[in-house]
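Now, the feature entries from Swiss-Prot:
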BINDING   His198  chlorophyll a PD1 binding site
BINDING   His215, His272  Fe cation binding site
BINDING   His215, Ser264, Phe265  quinone binding site
MOD_RES   Thr2  phosphothreonine
MOD_RES   Thr2  N-acetylthreonine
SITE      Tyr161  site 'Tyrosine radical intermediate'
TRANSMEM  29-46  transmembrane segment
TRANSMEM  118-133  transmembrane segment
TRANSMEM  142-156  transmembrane segment
TRANSMEM  197-218  transmembrane segment
TRANSMEM  274-288  transmembrane segment
Amino acid sequence: MTAIIERRESANLWSRFCDWITSTENRLYIGWFGVLMIPTLLTATSVFIIAFIAAPPVDIDGIREPVSGSLLYGNNIISGAIIPTSAAIGLHFYPIWEAASVDEWLYNGGPYELIVLHFLLGVACYMGREWELSFRLGMRPWIAVAYSAPVAAATAVFLIYPIGQGSFSDGMPLGISGTFNFMIVFQAEHNILMHPFHMLGVAGVFGGSLFSAMHGSLVTSSLIRETTENQSANAGYKFGQEEETYNIVAAHGYFGRLIFQYASFNNSRSLHFFLAAWPVAGIWFTALGISTMAFNLNGFNFNQSVVDSQGRVINTWADIINRANLGMEVMHERNAHNFPLDLAAVESISIGG
């Protein structure tokens, strides 16, 4: 009898726990994805803060030349970063217990791998949690689909690119100047500016900013006034009201006359789908571009592609970009390579008689 009562209480406790986890009445929804999201993001955030403040220099290139990234080792907010895991580790899974000591783990950049892997798991679970909450509220799933774009972008630079290049040391550093360094080296080695998927990403991000500004300003300029001239127009709005808060017909008429009629949406659903889909598709393409360049399927190479009738090269902007790429490649990891990879791959020219 005692065993049966204990079993019932245990089952009842588990049932109450499940109800609490999946309840949409909580101030912050947890969900089953949240059970994994909360510890992984807390771990990533905690280690990031500690390492950004106090981590010792990391031997990123595996050549016994540590690079300082933390505040206590001479950096400021702009120059500081979590330095990627050493090239000596490559793609090996490198938890603390795999190192001979904590000092060795820090020297080889163990915190970077810990932060990145927990962060990627956490943001993927955040996306799943968005879907889970939408499902429980009877909403459609497109919020999670939109969030998949930044998740794909983060996965591309922190996981896919290191896998393609063979080492976590090629991942993006977790800091401002480190991000710029990553961008410059990426351009030097992969010519990303000449990759069509990057161009689509630029169109997505800048276009999304433009459309967001246009939409916000049009809506704000066509609010239906429910107040006097002496009161704020915002005071006429009640949260959850059934009436429209702005006049879409007026906004459509304004924009249609500003450009032309069919440049303006007259359907609010189509408009908001477009506002979501444009930047999301652009960022998807950029993430796909990074993932293909990870395996060295690089941007277009139009170097010395224009020649005159005598076969002499007529330089184009593509040739100027190529010269800049070579210069950037010469500068980066200056002590790790005896010669830039692109130049080292060229056969030597015989100058003998």
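Glycine too: its Cβ is placed from the backbone N, Cα and C atoms.
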Of the binding-site residues His198, His215, His272, which one sits closest to Tyr161 (site 'Tyrosine radical intermediate') when you measure Cα to Cα?
His198
Over all shown protein chains, what is the count of other CB atoms within 10 A of the CB belonging to Phe265 (quinone binding site)?
19
Judged by the number of other CB atoms within 10 angstroms, which among Tyr161, His198, His215, Ser264, His272 is the least packed of the recorded positions?
His272
Pairs of Cβ atoms less than 8 Å apart decide it: which stretch in 29-46, 118-133, 142-156, 274-288 has the most with the transmembrane segment (197-218)?
274-288
Ranking 29-46, 118-133, 142-156 by the number of C-beta pairs under 8 Å to the transmembrane segment (274-288), which range is first?
142-156
For the quinone site built from His215, Ser264, Phe265, further residues of that chain with CB within 8 A of the site's CB center:
Met214, Leu218, Ala251, His252, Phe255, Leu271
Record lists His215, Ser264, Phe265 as binding quinone; longest Cα-Cα distance in Å?
11
Distance between Phe265 (quinone binding site) and His215 (Fe cation binding site) at the Cα atoms, whole Å?
11
Sorry to bug you, but what's the C-alpha spacing from His198 (chlorophyll a PD1 binding site) to Ser264 (quinone binding site), rounded to the closest Å?
27
